[in-house]
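Record features, source Swiss-Prot:
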type	residues	note
BINDING	V21, N24, L26, E28, E31, D34	Ca(2+) 1 binding site
BINDING	D85, P86, E88, D100, V101	Ca(2+) 2 binding site
DISULFID	C33-C51	disulfide bond
DISULFID	C35-C46	disulfide bond
DISULFID	C45-C68	disulfide bond
DISULFID	C59-C65	disulfide bond
DISULFID	C64-C90	disulfide bond
DISULFID	C77-C97	disulfide bond
DOMAIN	1-11	domain 'Peptidase M12B'
DOMAIN	19-105	domain 'Disintegrin'
Amino acid sequence: NHNPECIVNEPLGTDIVSPPVCGNELLEVGEECDCGTPENCQNECCDAATCKLKSGSQCGHGDCCEQCKFSKSGTECRESMSECDPAEHCSGQCSECPADVFHKNGQPCLDNYGYCYNGNCPIMYHQCYALWGADVYEAEDSCFESNKKGNYYYGYCRKENGKKIPCAPEDVKCGRLYCKDNSPGQNGPC
């Protein structure tokens, strides 16, 4: 798996291959909760000696667990990070927030100026700004024409067997990114 973001994900109980140990603060197979040792447990929903929920408790942890009960259906548990990443809401039936889902890659966003990609709406202005800072914008359309030629160091859309493949006319902005510096004294188109 080439997904480095997974390192920040809390492991599931089924991911742990050692036998369950009550009191180690890892929710493992067969445990309803695990808040550590009885001396250290600060979870009012969990019986630290048995790693079971206390009587009347529905849950002991999770983004959709409030005061030992499942959060109401529709309670926001993960906010929207962009137009392409809608907020997630509790189901009212479990303590965990649903998986983070994104709009389909390629769906138009920002008033059709960009397209969703992995939960973001990357547009060239934002990319230029991130690379170069304020006063830098997407260059004029004519600057992207070299991406159709395929003979420049960066002027192509992809490589196949080491050969640079030029961009189709409708894809010229999928190759090299051209930004324009609009600060005083800079007047070139690209």
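Heads up, the Cβ atoms here are built off N, Cα and C, so glycines get one too.
Because the structure is a prediction, the values reported are computed rather than measured.
Projection of Swiss-Prot feature records onto the structure.
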residue	record	DSSP class
V21	Ca(2+) 1 binding site	coil
E31	Ca(2+) 1 binding site	coil
C45	disulfide bond	coil
C65	disulfide bond	strand
D85	Ca(2+) 2 binding site	strand
C90	disulfide bond	coil
D100	Ca(2+) 2 binding site	coil
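C59 (disulfide bond) sits 11 Å from D34 (Ca(2+) 1 binding site), taking the Cα positions as reference.
The Cβ of C68 (disulfide bond) has 19 other Cβ atoms within 10 Å, all protein chains considered. The number of other CB atoms found within 10 A of the CB of C65 (disulfide bond), across every protein chain shown, is 23. Mapped onto three states, the DSSP output places C77 (disulfide bond) in strand. Among the recorded positions L26, C45, C46, C64, the ones whose Cα sits within 10 Å of the Cα of C33 (disulfide bond) are L26, C45, C46.
For the pair L26 (Ca(2+) 1 binding site) and C64 (disulfide bond), the C-alpha distance works out to 18 angstrom. The Ca(2+) 2 site is defined by D85, P86, E88, D100, V101, and by the 8 Å test on Cβ atoms against their centroid, the other residues of the chain that qualify are R78, S80, A87, P98, A99, F102, G119.
Among the recorded positions C46, C51, C64, C65, E88, D100, the ones whose Cα sits within 10 Å of the Cα of D34 (Ca(2+) 1 binding site) are C46, C51. According to DSSP, L26 (Ca(2+) 1 binding site) sits in a coil region rather than a helix or strand. Using E88 (Ca(2+) 2 binding site) as the reference Cα, a 10 A cut-off selects none from the recorded positions V21, N24, E31, C35, C68. Taking the recorded positions L26, C33, C45, V101 in turn, the residue surrounded by the fewest other Cβ atoms inside 10 Å of its Cβ turns out to be V101.
Here the CA atom of C77 (disulfide bond) lies 11 Å from the CA atom of P86 (Ca(2+) 2 binding site). Cβ neighbour count for D34 (Ca(2+) 1 binding site) (all protein chains, 10 Å cutoff from its Cβ): 23.
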